[in-house]
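Feature annotations, reproduced from Swiss-Prot:
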SIGNAL    1-25  signal peptide
TOPO_DOM  26-394  topological domain 'Extracellular'
DISULFID  Cys41-Cys109  disulfide bond
CARBOHYD  Asn46  N-linked glycosylation site
CARBOHYD  Asn220  N-linked glycosylation site
CARBOHYD  Asn231  N-linked glycosylation site
CARBOHYD  Asn295  N-linked glycosylation site
CARBOHYD  Asn299  N-linked glycosylation site
DOMAIN    315-371  domain 'Ig-like C2-type 3'
DISULFID  Cys325-Cys367  disulfide bond
CARBOHYD  Asn343  N-linked glycosylation site
Amino acid sequence: MDPRTSLRHLFLVLQLVMLPAGTQGKKVVLGKAGELAELPCKASQNKSLFFSWKNSYQTKILGRHGYFWHKGASNLHSRVESKINLWDQGSFPLVIKDLEVPDSGTYICEVEDKKIEVELQVFRLTASSDTRLLLGQSLTLTLEGPSGSNPSVQWKGPGNKRKNEAKSLSLPQVGLQDSGTWTCTVSQAQQTLVFNKHILVLAFQEVSSTVYAKEGEQMNFSFPLTFGDENLSGELSWLQAKGNSSPESWITFKLNNGKVTVGKARKDLKLRMSKALPLHLTLPQALPQYAGSGNLTLNLTKGKLYQEVNLVVMRVTKSPNSLTCEVLGPTSPRLILSLKKENQSMRVSDQQKLVTVLGPEAGMWQCLLSDKGKVLLESKVKILPPVLAHAWPKLLAVVLGGITSLLLLAGFCIFSAKCWHRRRRAERTSQIKRLLSEKKTCHCSHRLQKTCSLT
């Protein structure tokens with residue numbers, strides 16, 4: 001063996017021998033700030049013995065002498081105790097409540113003329129700000145521990161996302177994916193400590209920002225939130241695709257204790273809003289002039305949230321010589337607008353927003369707005385045959401004329417019947433008066449019946 005190697009090995013052995021005896025077999029206990037830790041002290045005999053707990057400065061913390069146990073004058077006086085029920089089993093643990101990071105250090109249990117050392121390491125997980133934060137804000141989580149400690153740290157976020165193994169975790173511009181429970185696992189000397197921190201990102205949930213509608217149909221706007229216990233005020237402002245150059249307010253509202261109350265709203269729109277979460281708006285009719293972009297603003301105590309929403313309206317118009325389909329409002333260039341007759345090939349728009357067919361054939365036509373084969377909007381219109389289309393006005397006039405003639409004839413018949421009854425009644429009245437004036441009446445039964453029959 002090389003003499004230099006032998007000397008190196010001998011030097012290492014001497015270093016190990018010279019280490020303080022108290023450090024050998026030292027028990028390590030990990031604790032969380034604010035909770036309690038139990039430091040073990042086990043005697044070889046399963047019976048109650050005298051014992052004493054001290055810190056590394058030999059200050060007495062807690063012990064038993066004779067039949068009494070008492071606490072020392074340490075800074076832990078109000079936060080320490082022991083489990084008396086375990087003393088008969090030869091166990092004399094030191095329980096420290098409401099742990100603080102400065103409580104970290106070496107504690108010594110003296111029992112049976114021997115010293116048992118326990119190293120306590122207290123850690124705390126702190127956040128740079130409130131863990132309820134707005135979308136886009138930043139947050140840093142920091143693991144605090146005793147100076148000189150170098151534990152293994154592992155961070156894990158929602159969806160088991162793993163992060164760096166440093167003592168701090170930075171989350172710049174938090175998003176919806178960061179909302180949830182974050183776990184910090186601390187490992188030291190085969191001991192493990194787990195911290196959980198729940199982060200709530202106040203934001204709108206992910207929903208489609210564009211609503212598609214056919215002209216005249218009812219439209220619903222929904223704005224689900226990631227929270228429901230914040231009081232706020234809100235406003236939906238709208239910029240029409242063809243109209244004013246500046247946005248105008250459509251509706252204002254407030255949310256207090258989960259109840260929604262409407263402030264001001266445009267009367268001509270006849271907007272309806274749900275009285276509870278999620279935020280829900282109903283537009284009775286989607287008209288072409290309403291197509292455009294809107295912005296919903298929520299005012300919270302922590303700041304503002306914004307959500308953009310677009311309304312795309314499809315309109316189909318027909319004339320004697322053409323059929324036109326168009327969409328109004330903001331659309332993506334990748335969308336395809338097509339017009340086709342059933343069971344025939346499509347006629348695709350070159351402008352993405354308008355397609356026209358001249359001299360459309362009779363039958364059912366479809367106008368489609370699609371995105372990579374997925375139909376977003378569909379409108380159908382029926383084109384009548386040319387002969388029927390030209391004859392339809394005349395046929396309608398004939399039908400209306402016939403109905404009018406029947407009504408006039410019925411009125412004439414009713415009037416004639418009333419006149420005949422009136423004339424008949426007048427003749428009978430005149431005949432009775434004439435008979436009475438000539439005194440041709442009598443009291444015999446057959447004459448009386450005749451007179452009565454005349455009346």
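In case you wondered, yes, glycine gets a Cβ from its N, Cα and C as well.
Note that the structure is a prediction, hence the values are computed from the model and not measured.
Averaged over the domain 'Ig-like C2-type 3' (315-371), the predicted model reaches a pLDDT of 86. Residues near Asn220 (N-linked glycosylation site) in space but far in sequence (CB under 8 A, at least 6 apart, same chain), listed by position: Val211, His280, Leu281, Thr282, Leu283. Separation of the C-alpha atoms of Cys41 (disulfide bond) and Cys367 (disulfide bond): 83 Å, rounded to the nearest whole number. Mapped onto three states, the DSSP output places Asn299 (N-linked glycosylation site) in strand. The glycosylation sites considered are Asn46, Asn299; of these, Asn46 has the fewest other C-beta atoms within 10 angstroms of its C-beta. Cα to Cα, Asn343 (N-linked glycosylation site) and Asn46 (N-linked glycosylation site) are separated by 93 Å. Comparing CA positions across the recorded positions Cys109, Asn231, Cys325, the one lying closest to Asn295 (N-linked glycosylation site) turns out to be Asn231.
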